[in-house]
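Undergrad: Quick one: this structure, given as structure tokens, is what I'll be asking you about.
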Amino acid sequence: MNASEKFIAAKAHVDEAAVAPLPNSRKIHVEGSRPDIRVPMREISQADTPASMGAEPNPPIFVYDCSGPYTDPTAKIDIRSGLVALRQQWIEERGDTEVLADLSSEFGRSRAADKALDELRFPGLHRHPRRAKAGMNVSQMHYARRGLITPEMEYVAIRENMNRAAYVESLRTAGPTGEKMAKLLTRQHPGQSFGASIPEEITPEFVRSEVARGRAIIPNNINHPESEPMIIGRNFLVKINANIGNSALGSSISEEVDKMTWAIRWGGDTVMDLSTGKNIHETREWIIRNSPVPIGTVPIYQALEKVDGKAEELTWEIFRDTLIEQAEQGVDYFTIHAGVLLRYVPMTANRMTGIVSRGGSIMAKWCLAHHKESFLYTHFEDICDIMKAYDVAFSLGDGLRPGSIYDANDDAQLGELKTLGELTDIAWKHDVQTIIEGPGHVPMHLIKENMDLQLEHCKEAPFYTLGPLTTDIAPGYDHITSGIGAAQIGWYGTAMLCYVTPKEHLGLPNKQDVKEGIITYKLAAHAADLAKGHPGAQIRDNALSKARFEFRWEDQFNLGLDPDKAKEFHDETLPKDSAKVAHFCSMCGPHFCSMKITQDVRDFAAKEGLKEDEALAKGMEVKAVEFVKSGAEVYRQV
């Protein structure tokens, strides 16, 4: 749908491209200790090794799956109804929440009463919000610190292990060479974890202990029961976030829901709705009700819309109402720029690009207009009270992040980081889950300093970075400039990477841009997991490499992050089905394929009863004799 077309709720439908299963993949569920803990994963099937190479079976591998029910052919998807409330029973049985008779937010009530919005409204708005009972704290951190292992924690533990034990067992029982295959395909380089403590197997107790310490969060608002629990922390798989959202210049509710379903199809672990245009409240409701992943927002954006874009007119009362409005819709984490202090603003005067964070610039303007600290800072404990009543996590915003390589690691950025560490202590006093946002634009040699200082000042609270971009010279390719920095800082310990699309600095991303950003950042996150030595991270690489060596082209495509593009590139030059079993590609052709030559050496060794190194030596002798007999000319006329 184009932005100019009218969105009508009754006609809303899911994007068909987002619900089709990926090639040779199917949704499976691993059951936990109770029947309603069913953890989704994607199973990728593989063909057997060709008879000429041993004819051994290649069991399916299992990969992390963020797509919710959208890629499950057995699920009935109707975005007008929203997703099933997966966690509803878990929330209710804890007995510490109550269903409200009406919305608590004044703005929320006014939108609900506006009949002119009926055609836009999500049909399920009869849903009543939920809040903690008086004096109760419903955060996962609070439960963890009381020693409780929640169903969410067990769910996360199963999810992080990615059914690795079942895969290893399937290798061992695959045939006479099973033990050898298991050893070969689970081999992994040790990695360098820079102090992370990653166990061989993730247990529910380990999840609980990490959440209790503040080293990980499970962003699960009690008003977003549709979400599938996931975890963000340096001792877990590196996660990625996708930003979506409309602006005053374009996009519609339909397009933003499509972007969300598209982002999670390709691997977005969380989605941030950064809408600044029309109907922000209604757009967010549609996204949350249809999202199986946590949704984040920057509440100050909507608060600013309520005062017609005049930052100096913002008040604590308007912001508080916005927090409650969004918490009761089900937002799982809020970016709040409470670390932008009055004394830091002059430090940005000599920057090349000043304050580039929208939230940071809004609060800097407010501080200067009132010549005092922002209400985000002075009311921080009041904000904590709201967060723990709904289990909304803090994403403490880096409002003074560098917007250019020139400004990297300056006093303003690092001063704010120290303040974010102090605010983390306050949030933890209230048992509110917290992550810390980071830069930005940073050259490669300064990236590790960012990670080290964050660990020091913020006491290992999860780091969440935008890239960082490692150079400023490539508009249109900033998914690559930032992907370089993302892989690096993910290796050093960043828990979640915020994607950057090719449109960064240039315009609002469309669906294809979202996919490009997601794939780039899934690659960066996976590279970081490999470098850290995360258990099982190399399984997919090993499986794909084996498929490549055995010329199982379809398996190569399907084991990759983007099967569609891999197949498209291959078929540009070799489109026929016969090319899918050929022992070469268009890069080297049939006579110069290094992998085919290696296989020929192995076949020769087996035929002659030789070891591979002996076969190479003997083969060279034979070729030398042929060379001399042919006239010993380096070049021959043909």
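Just so you know, glycine gets a Cβ as well, placed from its N, Cα and C.
Grabbed the feature section from Swiss-Prot, which reads as follows:
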- Asn243, Met272, Tyr301, His337, Ser357, Arg358, Gly359, Asp398, Gly399, Leu400, Arg401, Glu437, Tyr464: substrate binding site (BINDING)
- His441, His505: Zn(2+) binding site (BINDING)
- Cys585, Cys588, Cys593: [4Fe-4S] cluster binding site (BINDING)
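Surface or core, plus neighbours and distances: that's what I need for these features.
TA: Non-local neighbourhood of Tyr464 (substrate binding site): Ile232, Asn241, Ser395, Ile435, Ile436, Glu437, Gly438, Thr494, Ala495, Met496, Leu497, Cys498, each in the same chain, at least six residues away, with C-beta under 8 Å from its C-beta.
All protein chains included, His505 (Zn(2+) binding site) registers 13 other Cβ atoms within 10 Å of its own Cβ. In three-state terms derived from DSSP, His505 (Zn(2+) binding site) belongs to neither a helical nor a strand segment and is classed as coil.
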Undergrad: Pop the Cα-Cα gap between His441 (Zn(2+) binding site) and Gly359 (substrate binding site) into the table, whole Å please.
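TA: Distance between the two Cα atoms comes out at 17 Å.
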Undergrad: Do you know offhand how many angstrom separate Gly399 (substrate binding site) and His441 (Zn(2+) binding site) by C-alpha?
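TA: On Cα coordinates alone, these residues lie 13 Å apart.
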Undergrad: In angstrom units, rounded to an integer, how far apart are the Cα atoms of Tyr301 (substrate binding site) and His441 (Zn(2+) binding site)?
TA: 23
Undergrad: What whole-number Å value do you get for the CA-CA distance of His441 (Zn(2+) binding site) and Arg401 (substrate binding site)?
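TA: Rounded to the nearest whole number, the Cα-Cα distance is 8 Å.
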Undergrad: List every residue in the same chain as Asn243 (substrate binding site), at least 6 positions away in sequence, whose Cβ is under 8 Å from its Cβ.
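TA: Residues satisfying the criterion: Val271, Met272, Leu274, Cys498, Tyr499, Pro509.
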Undergrad: Looking at the binding-site residues Gly359, Gly399, which one has the fewest other Cβ atoms within 10 Å of its own Cβ?
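TA: Least crowded of the binding-site residues Gly359, Gly399, by Cβ count within 10 Å, is Gly359.
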